[in-house]
Amino acid sequence: MEKWYLMTIVVLIGLTVRWTVSLNSYSGAGKPPMFGDYEAQRHWQEITFNLPVKQWYFNSSDNNLQYWGLDYPPLTAYHSLLCAYVAKFINPDWIALHTSRGFESQAHKLFMRTTVLIADLLIYIPAVVLYCCCLKDISTKKKIANALCILLYPGLILIDYGHFQNIYNSVSLGFALWGVLGVSCDWDLLGSLAFCLAINYKQMELYHSLPFFCFLLGKCFKKGLKGKGFVLLVKLACTVVASFVLCWLPFFTEREQTLQVLRRLFPVDRGLFEDKVANIWCSFNVFLKIRDILPRHIQLIMSFCFTFLSLLPACIKLILQPSSKGFKFTLVIEIIFCNIIFFLYHFRPVCLVLSEIPFMSTWFLLVSTFSLLPLLLKDELLMPSVVTTMAFFIACVTSFSIFEKTSEEELQLKSFSISVRKYLPCFTFLSRMIQYLFLISVITMVLLTLTTVTLDPPQKLPDLFSVLVCFVSCLNFLFFLVYFNIIIMWDSKSGRNQKKIT
């Protein structure tokens, strides 16, 4: 009883922080003609409510795709339609066709903020609570602390409730987390269904698809493809196909309808350099102008090849040795690599291993929040960023004593160190070296933040600080990519020595 009482308090703390951050000004507030991403969410409600389904993704006089055209999968559109019905009941002016563009009022802001909180309460937060409660080999106190740290992760809060205000990231992340929980608990069909819902809500969840596929395929191989494994494979295939067909059914009436939705979901013409996200291309472009040398389609092909080849070792091991621990760490590797090679997204999978490697996970999540700095400063979210980041850091330090968890064994690098010491007996400084790297990383991030806030960049280099943030973040992400790959490849007993979810 006490556990659930404390967990309720944790949830209330998470909701309070989210609501407080949402009271700040959002991206594009009062700035015509586009009015920012808040307006995008409102406009999608306007379009889905007033136009027939077959017109949602097509350009027309009533649906100008240049003005926040719908570019997310069907479940997002259905969610917008559901919110639109509620908005219509409260105030029809909020979603009136054409005349509601740029609509801003205190009542409407309250409505939009409430829809985000409700989505969190119904989908994301229950998944976090259940995931933490199902963790094995840790105390009840640690489970509650783990939930608190996940709910206080500033990256998601600042994006959902600060910058975008209502982008409903937690819906797709919640479905994905339900999927992780399902397949880790051997509820494979329910887990597959949940993950399919995540993909059909936001196409960026495709970043996680390869680990899900390899983990489930590994399970099928382990059961034997001539017996139970084959039955499971067929059931999984039917679940995936059925869920996609149900979500996309209104768009399968015509071939052009389906193709148009796909074109809207995957706008590859934007290229790899949009908004100077913290990826390796933007960093490398400082020294070699890849953007000008290589055609855009070649850039995309190279990105795909690098991503696939780099993830191949971890995914092959996951197929051959399927385990919950290997699955979670492969998710982490995939999301890191997709972010440094493709586009900045979210780093939520790292929260799943917070209780296993608290020091490295906390460090990584701090870096991921820092990588958002140019975007957060643009939306005047410096103070919320500092406060939420400090709250998250203090929660991690007090809950997990992260500075006491830096031995080779607690960093899960003991097997790797033993292997190296066979050839280099003097290799005894790995733990100390990582501590120094952490200190250098934090000092660099703090100094660069202070510099960006207090100084103006040179006139000839107006993007200097943004590029430096990108470069520093990218270096950190490359380090973490190597680190998590080492954990997976040297974890020969992952099936027996993991903190299982059952």
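Using N, Cα and C of the backbone, Cβ positions are placed for all residues, glycine too.
Curation does not apply to TrEMBL; its annotations are automatic.
Here is what TrEMBL says about this protein:
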- 1-22: signal peptide (SIGNAL)
- 110-132: transmembrane segment (TRANSMEM)
- 144-164: transmembrane segment (TRANSMEM)
- 176-199: transmembrane segment (TRANSMEM)
- 229-251: transmembrane segment (TRANSMEM)
- 300-320: transmembrane segment (TRANSMEM)
- 326-345: transmembrane segment (TRANSMEM)
- 382-403: transmembrane segment (TRANSMEM)
- 424-452: transmembrane segment (TRANSMEM)
- 464-490: transmembrane segment (TRANSMEM)
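Sequence-distant neighbours of the transmembrane segment (424-452) (same chain, 6+ residues past either end, Cβ-Cβ under 8 Å): 359-360, 363, 366-367, 370, 373-374, 377, 406-408, 411, 413, 417, 465, 468-469, 472, 476, 479. Sequence-distant contacts of the transmembrane segment (176-199) (same chain, six or more residues past either end, CB-CB distance under 8 Å): 73, 75, 123-124, 127-128, 130-131, 134, 205-206, 208-209, 212, 215-216, 219, 232, 235-236, 239-240, 243-244, 247, 324, 327-328, 331, 348, 352, 500-502. Highlighted: of the candidate stretches 110-132, 144-164, 300-320, 382-403, 300-320 has the greatest count of Cβ pairs under 8 Å to the transmembrane segment (464-490). Using a Cβ-Cβ cut-off under 8 Å and counting only residues 6 or more beyond its ends in the same chain, the transmembrane segment (144-164) has close neighbours at 3, 6-7, 10-11, 13-14, 17-19, 21-22, 24, 26-27, 37-38, 41, 113, 116, 125, 128-129, 132, 135, 138, 170, 173, 346-348, 351, 354-355, 362, 365, 368-369, 372, 375-376, 379, 381, 384-385, 388-389, 391-392, 395-396, 399-400.
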